[in-house]
Amino acid sequence: MDLSLPNVRGMTELDREKFSKEVNVPSVEIPSQNIGKSMHVFKKYLLKMEKLKPVVEVDGTVERKKMLLDPLLFETLEKLSEEQQTKLSELDVNNDNFSRTCLHLQYENFRIDDIFKAVLPEGKEGCTSYSRIGHIIHLNLRDHLLPYKNLIGQVLIDKLIGVKTVVNKSSAIDSTYRNFQMEVLAGETDFITEVKENLCTFKFDFSQVYWNSRLCTEHERIIKLLPQNCVLFDVFAGVGPFSVPAAKIRKCQVFANDLNPSSYHWLKENVRINKVAKVETFNLDGRQFIREQLSSFLLRKPTEPIHVTMNLPALAVEFLDVFIGLLAGIELDPLPDITVHVYSFCEESSAFSEMRTKVESSLKHSIEDGQIVELVDVRDVSPKKHMLRLSFRIPIQILSKSGPEVEEETSEPKRLKLDLESQDR
């Protein structure tokens, strides 16, 4: 079936009236009482278009109904299997029942992909994939699609149920707090949204905090790694995608921290919304959080396993040196069992070896194979860039290291300017 719409190519402002086309499709009339039985034969051949019923009334009679078939899937009755033809014959359906039906398609009948294929530059019709965050659609449009940004936004609002706002990421900016500038392409300027993930509800202002729906699977993986009733220190907690389900599902004692005041606000709100106990929240620099909160907790000589999540892939590895000498001059019995989950971006060709080298370089200590819990390729950020996680049990020699070199090794790192393209966490 030809769904081409040559008169809309290059359209930059949406004109729904121009999405009009007449098409002829195969159809079959069937006695009304046999519609259900014949569906076993025709189900996979039915015409599937938006807001178009594949079974329609026949003018002038209630005794028969018409099934609309997809011309790309159905050719003729003879192309059906012998068993299917026999079944139809028993239902009083033969060649005389088949005909062609003219349909007048309008904007409401076309799918998103059909519209973009008709409008956008030929050979470049693909619209960048989008993320959905509650009622918000987040786009990262390529340059050649920017002239069509408002049309793209309006189509997405028209076609996606529950979507009220479509935004596009603006040019990359430096951001200590990892939020980014965005442009509203269509709909309401309403950034307060709610997302459900891992049996929890997260509410936040998408324009002020970081949230990436593509990390849902990774959040779930970490929660499954946490033992029941363990202790979690979430260094870059954001609005709580690790901390809240850890407390709710795994019954962990959680210390959750984020430097961004907005993230800290919504982190506290999500703790309240989800009614989780045993969660303490902090608004500190990650290095300060580890030095003050983790070290003081270790002095209590805990017996529970301790997990530390460090999900800031552009910088997290550089914070690892804070563990060097964290317990210098302190003897603990039993020794703490600390597992660190740290994230970083790596080049595709050498991702796993690069990740391990980065961690060992920051710790100034090798990580033995037996100390590695897992090394995971979390996702592709770009064709040559991957986000990885190394989960490892931190050697006690690192925590207890002492001497004049410790102060130098754990000095504050240079504040880096972050390119937004490398800030997906």
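Glycine too: its Cβ is placed from the backbone N, Cα and C atoms.
Feature annotations, reproduced from TrEMBL:
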BINDING   His219, Asp258, Leu259, Asp285, Gly286, Asn311  S-adenosyl-L-methionine binding site
COMPBIAS  411-425  compositional bias 'Basic and acidic residues'
DOMAIN    130-396  domain 'SAM-dependent methyltransferase TRM5/TYW2-type'
REGION    403-425  region 'Disordered'
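For the binding-site residues Leu259, Asp285, the ranking by surrounding Cβ atoms (within 10 Å, all protein chains) places Leu259 first.
Summed and averaged per residue, pLDDT over the domain 'SAM-dependent methyltransferase TRM5/TYW2-type' (130-396) gives 94. When each of the binding-site residues Gly286, Asn311 is scored by how many other Cβ atoms sit within 10 Å of its Cβ, Gly286 comes out lowest. One residue stands out among the binding-site residues His219, Asp258 for having the most other Cβ atoms within 10 Å of its Cβ: Asp258.
Comment: S-adenosyl-L-methionine site residues His219, Asp258, Leu259, Asp285, Gly286, Asn311; largest CA to CA distance 22 Å, whole number.
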